[in-house]
Every structure is written in structure tokens, then in C-alpha cells.
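This report concerns only the one structure given below.
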Amino acid sequence: MSSDSSQVKLRFFTREQDESLHVQDAPMYAPISLKRYGLSEVVNHLLGFEKPVPFDFLIDGELLRISLQEYLTKHGLSSETFLNVEYTRAVLPPSFLSSFSNEDWVSSLDVGDNNKIISGSYDGVVRTWNLSGKIEKQYSGHSAPIRAVKYISNTRMVSGGNDRTLRLWKTKNEDLKQPVVDEDDEDIEDGKTLAILEGHKAPVVSIDVSDNSRILSGSYDNTIGFWSTIYKEMTVVDPMEELKNNDSKMSTAAKKRRKLTLKDGTIRRRAPLALLESHTGPVEQVSFDFKDNTVGYSISQDHTIKTWDLVTSRCIDTKTTSYSLLSLAQLPTLNLLACGSSARHITLHDPRIGSTSKITQQQLVGHKNFVVSLDTCPENEYMLCSGSHDGTVKVWDVRANSPMYTITREEQSVEKGVNDKVFAVNWSKNVGIISAGQDKKIQINKGDNIFKS
């Protein structure tokens, strides 16, 4: 019998909650020449759909991107093998929606529950954008490029930058439906700094916020800062006293930075609750554990992933990889940490596994330069997006080793390899996949209906 007419026995099943997508649980035969499209036709026929629904297929957790015959050959299986084939609604290609122009390179992004976008820029300004591309507010105060921004709530945010500080910002008057953060904030105007957080000795490049009013910051001074979103809970810093005590030890540049900050003499200054030390190289990203905010993670140019007990401020686990790590995202349902690296790939790690066990569970390959930003899909536990200095954003399903889709920069003035580096990505359920970088653009690729219903 020719390979074209050969068949394999299989069973289709799905984990989709929609009962209308469930086929009868019974084995059947299918041509081994079928690929994704042909299998999708078979499932639609079994479901009796007049309007076809595109599906993706997995065998033993591996996303099928080849024919059944090629799959059998790849895994050394014969056509006598019985296959359990999982199907799930296919992901549609994210289409370009819009882009907004900024004054300088955009280093960081976040999206609030109000669907407002905040951006941090190399011109030292934090901006709030609506989805029409209008700047609603600008927040000035940092004396150097901003490297990280994060919403605390719809009325509070935090930023960090090359001036070695974090700033707590008031974005608007408190909504009466939300709890009051600080009773004496009423004297602070919208768009003003609530407090300057000092303690790092090098640029602050990463920030994460927990739901229990805590902040983590990663810095190029090799430390992680642990702070409160409520400034009253932190120790007061007296800038004049510090300047006086350290005047003889401070460099000229340090003295200049300190004098610049003294211009904001009326702004509160606070010290960290703790500075966590263990890394031997710059800390590139930090994150609270999705399920337990007393646990934190950090990745560094020193090649390590560290797990922290934030109650005791102790490092409780270190995993050493072969490359500098530049970005971090959690896949909480899968209990995995995704790490972007200087080696151009993304590695998946299980933080529960001891450092003596296998360090890397999987590797995603496709980028051609540093992978500097990651974010997970809000609607699919297996998916994430990545931003790279190669000028692209890639969409991944971690069950496959190669990207599903590649998003390029839409700006006409972008020159490949010159001004196309992507510095930040964010995947929002309501807004879409947002990316920004060296082209001074905030780009949105359509996220609505990315999963066909």
C-alpha cells in the first residue's frame, strides 16, 4: 500500500469547555498524509459545523506542524500506532491595529484595568495613553532614562530609571469605589510624585508589584529592592544628612545627582524595606510568584535564576544556566518560568525542581538577537510573546519549539538593524499585544478575537 493511501488509527479529544466542540469519543482511521488543515476538516465534519472552526492539534503535548506521517517518522513510530490527538481552537494571526509616536526610545510598558497604557521613555518621562493614541498625562521627575513602569492601581503607578531611583506616582484623585491608599495624599496634585524610593546604586531596570502592597525592583547594582506601595511603611531618607555624611566619599557625578534631587526638596524620600543580595551580576528582571506573593524570582546577567523568601529576605534556590538572562515571565498553570537570554532563545524552567536536577525543561528557538522582554497570554496558559533586539515580537505556544507568528515593526522609517530593536512587550486581554522600542513607537497588534469563537 502506498504512503498516500496509508491510514493510522486515532482518537480525537479536546479540553475545551464548550460542549459544542466535543466530538464523540470513539477511535477512527485517518490518512497519514493529513496535516493540520486536513485534520481540522475532519473534526469540523464530525462536529457537523456549517461554518468551519480552525483547530490546532497536539500529540503527546507536541503541537503538530507536520503531517501525521512525518510525525510518525520523526518519533520512530509505525502506522500501526494508536494516536491520541488533542484539538484546540486555533490562534488567529495578530493583525496590526495602530501605533503611537513618542519623543524618544520607549523602554517599558504596562496596561491598567482601565485599558490605559503607560510607557517609560529614554527622555525621562512617563506617559499615559488612551487607545486612540492620545497622551492623557505626562509625569516628569526622573533625571535620566526610565527603564521600568508598572501600575499599582488605576490611581497609582511606580517607575524606575537610570537615575537609580523609583518614584511612586499619583495618576488621579482616588475613585471613591477604591480603597484610600494614603489619607494625606489629598495635598498631592494629580501627575505628581508621592515619594522617591532610594537605595539602589545603579540603574533600576525592572519592577513588579504584588497585590499585597509590595514592590520588587531589579538593579544593575546586582541587588533586588523590596519596597511598599504605601510610603508610610518605609523609613524616611534625609537627603541633606546623607549628603553631609558622605560628602568626602562621593564622586563628583554622585554629588551632582544628589544636588539635582534636592530640587525636589518637598517630595518624601523613603528607603527600602530590604535590599536582597546574592547575584554577582546586573539583575535584569524580577517577579513575584503568581500564587504566593511571599516568594519572588530574579534573573541576572550572571546566568542565574534565583528564588527568594521575601519574609526572611533570603535566597532559597539558585539555578545556573549557560547564558546571561535578560527577561522573565511566569506560566503559573504549568509551573514554569520562561527566561529570555543573550543566546537568542527562550528557556523554560520549573522553579520547584532543585538546582541539582535538570535545569532547563524546554527551549524555544527563533529569535536572531537578545530576547529582552516576555509576557504571557491572558487567555491561554500555554502561550506567550517575546520582544527582541532583532526587531520582532514572536508569539509562542510552549508546546512547540518554534514560533507560531512573527510581528514586525510597522513604522516606515524603521531600518533593520539600525533602529528596530524591541525593548518591551505587553499582552493585554482587552488591548492586544503591545510592543515598543528603538523606533519611538508604541505598536498594537490586534488581540480581540485572537482566539476564534
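Each residue, glycine too, has its Cβ placed from N, Cα and C.
Annotated region 'Ubiquitin-like (UBL) domain' per Swiss-Prot: 8-89, in sequence order. Residues or ranges marked as repeat 'WD 1' in Swiss-Prot: 101-139. What Swiss-Prot lists as repeat 'WD 2' is 141-179. If you look up Swiss-Prot, you'll see 199-237 marked as repeat 'WD 3'. Residues or ranges marked as repeat 'WD 4' in Swiss-Prot: 278-318. The feature repeat 'WD 5' is assigned by Swiss-Prot to 320-359. Residues annotated as repeat 'WD 6' in Swiss-Prot: 366-406. What Swiss-Prot lists as repeat 'WD 7' is 417-453.
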Cβ contacts under 8 Å made by the repeat 'WD 2' (141-179) with residues that lie 6+ beyond its boundaries: 104-105, 107-114, 116, 118-126, 128, 185, 188-198, 200-209, 215, 217, 219, 221, 225, 227, 229, 231, 257, 260-261, 264
Other parts of the chain folded back onto the repeat 'WD 4' (278-318), taken as Cβ under 8 Å at six or more residues beyond its ends: 202, 205-212, 214, 216-224, 226, 324-330, 332, 337, 339, 342, 349, 351, 354-355
Positions on the same chain near the repeat 'WD 1' (101-139), where near means CB under 8 A and six or more residues out: 145-151, 153-154, 157, 159, 161, 163, 167, 169, 171, 190-191, 193, 423-426, 428, 430-431, 434-438, 440-442, 444
For the repeat 'WD 5' (320-359), distant same-chain residues with Cβ under 8 A (at least six beyond the ends): 281, 284-287, 289-291, 297-305, 307, 365-376, 381-382, 384, 386-388, 390, 396, 398
Counts of helix, strand and coil residues, the repeat 'WD 2' (141-179), according to DSSP: 0 helix, 19 strand, 20 coil
Mean per-residue pLDDT computed across the repeat 'WD 7' (417-453): 85
